[in-house]
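What TrEMBL says about this one:
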DOMAIN    179-274  domain 'Ig-like'
DOMAIN    362-434  domain 'Ig-like'
DOMAIN    464-598  domain 'Ig-like'
DOMAIN    607-703  domain 'Fibronectin type-III'
DOMAIN    705-800  domain 'Fibronectin type-III'
DOMAIN    804-892  domain 'Ig-like'
DOMAIN    901-996  domain 'Fibronectin type-III'
DOMAIN    1014-1102  domain 'Ig-like'
Amino acid sequence: QGEEEVTFMPGKDMVFTAKVDSSSLQRKPTLKWLKGKWLDLGSKAGKHLQFKETYDRNTKVYTYEMKIVKVVPGDAGGYRCEASAKEKCDSCTFEVTVEGKTLMFIHHFFFSRDAGEDEGELDFSALLKKKEEPKEEIDVWELLKSAHPSDYEKIAFKYGITDLRGMLKRLKKMKAVEPTKCDAFLRKLDSAYSVDKDKRIVLSVEVVDPNAQVKWLKNGQEIKQSAKYIFESVGNKRTLTINKCSLADDAAYECVVGEDKCFTEVFVKEPPVTITKLLDDYHVVVGERVEFEVEVSEEGAHVKWMKDDVELSRNESHKYRFKKDGKRHWLIINEATLEDIGTYHIFTNGGHSKGDLEVEEKQLEVLQSIADLTVRSAEQAMFKCEVSDEKVTGKWYKDGVEVHPSKRVKIAHIGRIHRLTIDDVKPEDAGDYTFIPDGYALSLSAKLNFLEIKIDYVPRQDPPKIHLDTTGNMVSQNTIIVVAGNKLRLDVEITGEPAPTVCWMKGDNVRTANIVSWQRSPYTSLMTMCTSIPPPAILAKHAIELPKPDQKTTEGRIRVENRKDLSCFVIEGAERDDEGNYTITVTNPAGEDKATLHIKIVDVPDPPEAVKCMSVGEDTATITWEPPKFDGGAPIKGYLMERKKKGSSRWTKLNFDFHTSTTYEAKRMIEGVLYEMRVFAVNGIGISQPSLNSKPFMPIAPTSEPTRLLVDDVGDSTCTLKWLPPERIGAGGLDGYVIEYCKEGDTEWVRANKDLVERNGYTVRGLPTGEKMNFRVMAVNVAGLSPPALLSQAVTIREIMEHPKIRLPRHLRTKYIRKVGETINLVIPFQGKPRPVATWTKDGQPVDPKKVGIRNSFVDTILFIRSAEREHSGKYTLTLQIENMQDSASIDIQIVEKPGPPVAVKITDVWGFNAALEWQTPKDTGNCDITGYMIQKADKKTMAWFTVYEHNRRTNCTVSDLVMGNEYLFRIFSENICGLSEDPGVSKGTAIIAKTGLQYKPSAYKEKDMNCSPKFTQPLMDRSVIAGYSTAITCSVRGNPKPKIIWMKNRVIIGEDPKFLMQNNQGVLTLNIRKASSFDGGTYSCRAVNELGQDEVECKLEIRGTRRRPFSTYVAADYLTLL
């Protein structure tokens, strides 16, 4: 209601009032009084803070009051009043000062918009009355620079700063310009950090003191170490690692060392949200429910729905509903109208999708109209109609006045059938009756005629007469059409005196009946059916209800009933076999009369047959089918088509109007998705059952044309083409290519390849020499041929002469060396046109084809040797010749193997510790140069060979450092590029290194004194064992001479008691106690004694879990101990 200025002093009472208009709300609103940002004052209610709530039923306004009793300086600050109800909210902010002026707000909250996450905070600063300017100007930024961060919000609120984020950025820049000296940090945190959502970030500082303890704070609250927050301290470096950052981690962080702090701010960036499942198109009728569904890549992502560039929101009529569950989002329209037609978009921060909505008017089809009735007094009249929609309701009117149900008048609606039944018809019931379906501009009318009966009886004898009504809406005279499954009741009036005999016949099937009583009547023949059919199927008038039959001559589905002056022919549930010509014959003594009727049974047609897909496009498919074998006896009006994705159970209607042709082109399909189709046939009776589903088909478009078509080679009758695959292949893939050609100036193209070409090249053969030819290439997939790729100009078919040229590889220009047994496969490319003749020779002689394989092609020649031998070495020459032009190239091939052993190995001289050797080169060098020799020696005593020299290039050497008194043998291996020879050359003689009379005088050995007194290296250990189990105690001792070992129990020497077993193994002493009892417990000691001294160790043995034994057992044990 505005703002009011109130002046008060501390100690006065202060009242704030808020009014909430709840006329548009379904539930009671909730109101909170807050101080600062989060402090809920409702929890502080008491003597100082009092709250009051009232409600006005007339205006539907809630009034909330907050009273502050005896205001104190601590009540100063910012306040906020927040009202919410379900998904709507509104708020108001105001500030209170204790000294000076206090503003009182009485604010109305009107819920006029939704409280979505994207809604910003309301700015009520314009409602506040401008305060008096302070006497002294205060620099807010200087005040903020010197204030603690926890006071930033209070100062900003006080001085009217609303952009808190901008304020923080400016403060950081100001502080960066004037850095403060810090004694605790060597390196502080950066001013800000940025990290992607669900990623890890590391905040790092360096402190002066390596032992200093740091604290990490988030928005002023200390952070505790956990799996999400990890603290690390390495030397002077302190780090805080935040794992899997979320939007909650977007905050201000502090690192505190003693009294020093450093600050930073972490910004968490959300990754772009993409759309993984696109919107589908919808085609519905008015009133149907529409659900647009989409799936995004992130749970809880924010999306925006738009229709034709207009953002959608929840309005008061709740026309649009928005729903989300995890990654899925829905836009729901409960009842579609024509205004909803358009394109609907959904936007995320990283994606966009759209879907079209088409809405058509409901078309109500009348399957059976109401017919005129003529009834007699006290009979029943029933109007009945049938429409195509079971959910449609309607109203009945008589002469424009709505008919309401009563005891005589009954209104029924069962499925698609609507009935109006009038019992005990009276003259005032005659009139025009109309049925109007709700929601449709359609009306069905019929007339009820009241028939008065006047009978003049003149007893006389008259010949029989059949009175048929042939003036009705018959297709032809005496033809009746009945819908299959309906009831046919044919009432034929018969006159004659005396009562005639009636005979009904269909072929040889005779049904007879006698009319018991007779009265002359001028009434015409009457036909009653259980359910009428639409015109022109209604071909006879409905009869008035006559009295109950006097006699039934036949029971069952087809029967004849006799009534007074009437013969009733009834067929319950008409079938197709009931169709045919029926004859009624009446006879009496005065004569005979006969009439023939044709009954035609009509039904819904059979389903269409052979539904199949004839062709497909990028988003279209052409479907054909055959008409149904049986049309139901009525002309086919058209067909309805439906389609669905393979594997789905949801069928989508493709047309609402009847399609008269047996070919249909389905559009707006998705390329690469399998679809199935089915077809319904429609006649005047209704819709057939669906046809069998077509075989699955996939909308696929041909590829784009091949790219970069060019001529690779031209001959006298050939042309070689090359190209690259199409830029767009699509879901249909690529099966191959078709190549066509034609003469320049002709329009008739000739296909060059019978089968599809899978490679990106082809040679067209059989072309006329000298002609200019055009070529084109088309890609083929299941969708057909692509657009052709054409050459820019015609190609002249003529061989181009080119000199022969051998392209000898670089590694063959030098000597080609291979080992014996290896495979040789040399490929030498060449060029020349026409095809050159390649000839190989070896050392001037033709190559033997049994030893060397040669294969020539258009562009290269191959020389192949399966297993190389030394005889294959030589100079191979390749010669190319085209008529009188030629070119040649030579290749030196050398086949090598390991060499033989050196020969004539001999010892030429021996002196001192040396021996001189000489030898000759091997007889077989392995068809290559010897690269060196390996010399080995062996002592004749051991015959162990040792290598003296490797890769020795000379044929002599001197072996030194031989051992005096030994006799040596020598052997030599020759070496080439294949390796060492298999066998060595061995020296014929030996080299003996004679002794020179030197004697070895060893120095005197002084034996070390190893004597020592006994010393235990491992003491005894206390043991605790269970009674009845064996145990052992162990220790180890050293000493020289070997000490004597004495075992004692409780300072008493243990003798040769069989219960104890004493062992000494290399100084390891063991005392085994067999099946220890309670008497074996005590102190055990071990003493070691020799002539140099003694040593002793002891331990305690505890026996646990002993059971008390009989006295005789103790006596026996003591007796054994004494022994």
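The first residue you see is number 1, and the count goes up from there.
Even glycines carry a Cβ here, placed using N, Cα and C.
The average pLDDT for the domain 'Fibronectin type-III' (607-703) in the predicted structure is 89. In the domain 'Fibronectin type-III' (705-800), helix, strand and coil residues by DSSP number 0 helix, 45 strand, 51 coil.
For the domain 'Ig-like' (804-892), the DSSP counts in helix, strand and coil order read 6 helix, 52 strand, 31 coil.
Mapped onto DSSP classes, the domain 'Fibronectin type-III' (901-996) shows 0 helix, 52 strand, 44 coil.
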